[in-house]
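K.L.:
These came from TrEMBL, pasted as-is:
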type	residues	note
BINDING	GLY169, ARG170, SER171, ILE235	NADP(+) binding site
DOMAIN	7-122	domain 'Tetrahydrofolate dehydrogenase/cyclohydrolase catalytic'
DOMAIN	142-289	domain 'Tetrahydrofolate dehydrogenase/cyclohydrolase NAD(P)-binding'
Amino acid sequence: MADAKIIDGKAFAAGLRARVADGVAALKASHGVTPGLAVVLVGEDPASQVYVRSKERALVELGMNSFDHHEPADMAESDLLALIDRLNADPAVHGILVQLPLPKHIDTQKVLARIVPEKDADGFHVVNAGLLATGQPGAIVPCTPLGSLLLIRDTLGRDLKGKRALVLGRSNIVGKPMAQLLLQADCTVTMAHSRTADLPEECRRADILVAAVGRPEMVRGDWIKAGATVIDVGINRVAAAEPGKTRLVGDVAFDEAVKVAGAITPVPGGVGPMTIACLMLNTLAAACRAAGAPVPAEAGVGAAL
Ligand SMILES: NC(=O)C1=CN([C@@H]2O[C@H](COP(=O)(O)OP(=O)(O)OC[C@H]3O[C@@H](n4cnc5c(N)ncnc54)[C@H](OP(=O)(O)O)[C@@H]3O)[C@@H](O)[C@H]2O)C=CC1
Ligand SMILES: Nc1nc(=O)c2c([nH]1)NC[C@@H]1CN(c3ccc(C(=O)N[C@@H](CCC(=O)O)C(=O)O)cc3)C=[N+]21
């Protein structure tokens, strides 16, 4: 069989960012509003610093305002909550992103709950999770699942009804919202996790397989149904062949999977760039809603399906 189509998330994300840039320019022209995202980073985690820098770069490139808050690792929880209160009240800030993971002494759920839902650019607030789960309009959809869905639709078309989807991983930020989106698209959805019995067999049934486990190359080629669409969310840094060097791999053994799947996202260059592009989209959408302007179609769940 021919090798799988490689889904070019980097290229799709570049196109999406260009559409967001157009939307930003239009909102400025029509309402005099420049979308702004506040990015809060607590501590010095090197991976988080890399992600935060690429988010800030994307904001500036798209004509949006970036408000950076880099705070010490020992910041008191009460001070972080007070910072969020200030950002909630600031009319120039349309979106707020608190980079995860937070240091252990801070209660993540308490912090996420403090962000007003309309400014929750990540879509992690319980109100947005609840709107998504109940299929209501106006939910801000988490960036990684939204980006993954856009890639699935670009590969398979809008009509996903009846397809068997397997979501591997049940985190609040990836697995659960991914399953909600696929369910709304009329897929038959299975969620798998560390307690799943016979994971390879569950995976082999899937027409659409989304892997978000954080285990390097765990999903093998013989776990994949011939012709399936494979979305690899995993970002794992492992030792490279060259001593002292590292490289990124996904949760899927790409070299094996590419021989079986119908289409597959690479790591890097797959879901990662879509996450950042969707964050830009969510920020634009939040600014549009605040200004009473029409919201870009791709950001709405209903419109996205
Ligand atoms: N590309 C991108 O933009 C993004 C990438 N990521 C990456 O995606 C991956 C997942 O992230 P996230 O959802 O936050 O991860 P979490 O660690 O929060 O969740 C991992 C999930 O995988 C399950 N799991 C772990 N080990 C196994 C196993 N051996 N067999 C079956 N299931 C297992 C866990 O099951 P259980 O619940 O039973 O413990 C859990 O549900 C990571 O590699 C992360 O770096 C994350 C966000 C964005
Ligand atoms: N509040 C919050 N929101 C997040 O969305 C969030 C977070 N916290 N914490 C960490 C995870 C991880 N994440 C990624 C974003 C982009 C890439 C990305 O662009 N990856 C590139 C490669 C980057 C590299 O080379 O390191 C790629 O896959 O091509 C990866 C991972 C967002 N996350």
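Note: Cβ is positioned from N, Cα and C throughout, glycine not excepted.
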K.L.:
Under DSSP, is SER171 (NADP(+) binding site) part of a helix or a strand, or is it coil?
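P.N.:
Assignment for SER171 (NADP(+) binding site) reads coil.
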K.L.:
Would you mind checking how many other C-beta atoms are within 10 angstroms of the C-beta on ARG170 (NADP(+) binding site)?
P.N.:
18
K.L.:
So for ILE235 (NADP(+) binding site), how many other CB atoms are inside 10 Å of its CB?
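P.N.:
So the Cβ neighbour count for ILE235 (NADP(+) binding site) comes to 20.
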K.L.:
Identify which of the following binding-site residues, namely GLY169, ARG170, SER171, ILE235, place a Cβ less than 6 Å away from any atom of ligand 2, and list them by sequence position.
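P.N.:
Once distances to ligand 2 are taken from each Cβ, ILE235 fall under 6 Å.
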K.L.:
By a simple count, how many Cβ atoms lie within 10 Å of the Cβ of SER171 (NADP(+) binding site), its own Cβ left out?
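P.N.:
Here the count is 16.
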K.L.:
Could you list the residues of the same chain, at least six apart in sequence, whose Cβ is under 8 A from the Cβ of GLY169 (NADP(+) binding site)?
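P.N.:
Those within reach of GLY169 (NADP(+) binding site), by Cβ under 8 Å and sequence separation of 6 or more, are GLY175, ALA192, HIS193, VAL210, ALA211, ALA212, VAL213, GLY214, VAL233.
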K.L.:
Per DSSP, what is the helix/strand/coil residue tally across the domain 'Tetrahydrofolate dehydrogenase/cyclohydrolase NAD(P)-binding' (142-289)?
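P.N.:
Summed over the domain 'Tetrahydrofolate dehydrogenase/cyclohydrolase NAD(P)-binding' (142-289), the classes give 56 helix, 30 strand, 62 coil.
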K.L.:
What's the longest C-alpha separation between any two of GLY169, ARG170, SER171, ILE235, the listed NADP(+)-binding residues, in angstrom?
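P.N.:
So the maximum pairwise Cα distance among the NADP(+) binders is 16 Å.
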